[in-house]
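Q: Could you have a look at this structure, given as structure tokens, before my questions?
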Amino acid sequence: MDQIILQILNGLDKGSAYALIALGLTLIFGTLGVVNFAHGALFMLGAFCAVTVQRLLTLSHEVVDPERTDFLGNPLKVDVPYVMDIFGESTGAAIIDWSVPLAILFAIPVMILIGVVMERGLIKHFYKRPHADQILVTFGLAIVLQEIIKYFYGANPIQTPAPEAFRGSLDFGVWLGFEANQIIYPYWRLVYFLFAAIIIAGVFAFLQFTTFGMVVRAGMADRETVGLLGIDIDKRFTMMFGIAAAVAGLAGVMYGPINAPNYHMGMDFLVLSFVVVVVGGMGSLPGAVAAGFLLGILESFASMSAVIDLIPGINQIIIYLVAIVILLTRPRGLMGRKGVMED
Amino acid sequence: MLGLNKKDGTLLLIVIGLTLFAPFLLNPFPVESELAQFNAGYPDLMQRFVIFGIFAIGFNILFGLTGYLSFGHAAFLGAGSYAGVWMMKLLSMNVIPAIVAAVIVAGLFSVLIGYISLRRSGIYFSILTLAFAQMSFALAYSVLTPITGGETGLQLSLDDPRILTGGAEGGNLPVPSLFGLEMRDSFDLVLGSWLFTFNVGYYVCAIIMIAAFYLAIRIFRSPFGMMLRAVKSNQQRMSYTGLNSRPYTLAAFVISGMYAGLAGGLMVSMDPLAGAERMQWTASGEVVLMTILGGAGTLIGPVLGAGFIKYFENIFSKINDQILHGWFAFLPDGLENAMVALVHPFIGKGWHLTLGILFMLVVIFLPGGLVEGGQRVGRFAFRRRNKKAEGAEAEGAAKQPAE
């Protein structure tokens, strides 16, 4: 029992990342009908927003500390970050410590901007072209974005640690009445899951309860009619592209402490997210979220040692296996709408 | 000639000429000159040109004709590589059984994957092939280690049985050969300050590529090829006329899988080592890049694309800042440094950035790839020359169907 709960928990954080990326992919596909292979790159850009914020906050200048000396007896030079000068030492240290959550504030406008520029500058010209062309051009864009990041930040992963307060682990089992140290779960993964849940709820609420969201949903159902009613649907869809980019970016920002960001992390997630979208049903938002968590949890179940002993290697292929079975038996995916890309 | 019309015959002759004289053509610069680094006439690279050429020709039979975009073709290349190395371990170091086994294994593998994947089309087909390829990669990397060598890759070893030729004599690993002709043997021809290398392995690959290219022309021109084009242009209409498209697409898929296997078999014949990373989806992406860059659906395009990418991958990545400084030396100092700084991100390790940008430009502006680019340039020149002579008639000639 405790093993099962542990695996569910382990699957949640990966599942959250899959769900967030798949949600953005589906938003773009549902509104603009574009298959965006560069979405993984947006996730990666988000993670590097966190790296950028961390670098900006730790920008330092050298100060000679008269009280301490180095091993030669000379006065020691210490790097003092500018934030400490501005906000005082303790506040400054706290700000640096909280650089990852702070990066969210930085990432939202940046990612929306990147998304809007991408849509207006490139994707717009591909609405009328075949899906294969869309895949190819966004695949090229993904390579370009990834190489730009590699040029500026290097090929090695860069650590973006979580704030001090979240670095430990939670003894989750005690809460449920198990013995201590049975179910240990890092705080940050819990934070990530909660964060993902909030974002997902936020996106759904935005689509469901605002006028803007209502228009977007109407546009997803019948773009032409909405256009004929005198609403500039293109502008809203562009905005939705920005929002989808921001969702992917936020997923990346918060993922940094779980896995140190590197330039090819987007590609690794992209393949899986596409599988998630297809399993959930092309164009279905709840499907994407459900499939994301489902596959994340399935993956962590498959990596239990008992399962691996039974079917060796299953943990590596379970997601693809599920996708193949679903695609062949239920081409619409789990919750796909009828008639959307169903062939 | 050989059942080809005049135009295709000429194309084939050009390809034969280019591949057979490649050691001359790719080494246009004298050894001592500054430009010698742009010579591509060394055996390793020439072999890669033709092997990836075969891979891309095969991919094009599927994607160019039927429009099915497979993102998992590297799996067949990998399967072929493993089969080839196993033949060398078990039978003999002769490359013939290795290549034959590679084609057969890749063919069987693609029957299996194709049969399942082709039940869907469009993006679903892409995802299914991607999923299968990633699965093969993951399995080859982990569970199938006894067959695939896992992380280290599958290598020859001294105690392999090699039942046809006996074990290794002496303490050295045997090298792949064709009835005694060792693949790595080369003949250097020195002409003045030029050096040309003729490599046995390259010529084996080149002859096989010419055969593969000839076969591709025949497929393109056959009734079967017409059927595949029909799948691309309108599958629905095709099925309404009472034709079942599935056998045709499956045949195309298997043929292109066998081409990939052939490429894999040749790869291990040149260098008997097979690793799982050959199956990864980035490797599949590479052949997609090659085909699109050269021109999908054209005969010569994929070969051009493969050559183009492999050439620049090797040559572009060798350019460093020092060479750049040499190039821009004629500029004033400040401007020289600015130019070097400007170009720097695109060369050396930044080659992939250049490739990505180039690929995007091709997809956006030249959906027909380099071949279409060449045609446009040719048409432009042609039209200008003819305008003086015939005026409006040139328009009609220029509108020939792109091929």
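Glycine residues also receive a Cβ, built from the backbone N, Cα and C atoms like all the rest.
Whatever TrEMBL says is automated annotation, not expert-curated.
From TrEMBL, here are the annotated features:
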type     : residues  : note
TRANSMEM : B:12-29   : transmembrane segment
TRANSMEM : B:49-71   : transmembrane segment
TRANSMEM : B:91-116  : transmembrane segment
TRANSMEM : B:123-144 : transmembrane segment
TRANSMEM : B:200-220 : transmembrane segment
TRANSMEM : B:247-268 : transmembrane segment
TRANSMEM : B:288-312 : transmembrane segment
TRANSMEM : B:324-347 : transmembrane segment
TRANSMEM : B:353-374 : transmembrane segment
Q: Which bits of the chain, at least 6 residues beyond where the transmembrane segment (B:353-374) starts or stops, bring a Cβ under 8 A of a Cβ in it?
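A: That would be 289, 291-298, 300-301, 304-305, 308-309, 312-313, 316, 345-347, 402.
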Q: Which range out of B:49-71, B:123-144, B:200-220, B:324-347 gives the transmembrane segment (B:288-312) the most CB pairs under 8 Å?
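A: Ranked by Cβ pairs under 8 Å, first place goes to B:49-71.
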Q: How about the transmembrane segment (B:247-268) and the transmembrane segment (B:49-71): at least 3 CB pairs under 8 Å, pairs 6 or more apart in sequence, or not?
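A: Since 3 or more Cβ pairs under 8 Å link them, the transmembrane segment (B:247-268) and the transmembrane segment (B:49-71) do come into contact.
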Q: For the transmembrane segment (B:91-116), which recorded stretch in the set B:12-29, B:49-71, B:123-144 gives the largest number of Cβ pairs separated by under 8 Å?
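A: Per the Cβ under 8 Å count, B:123-144.
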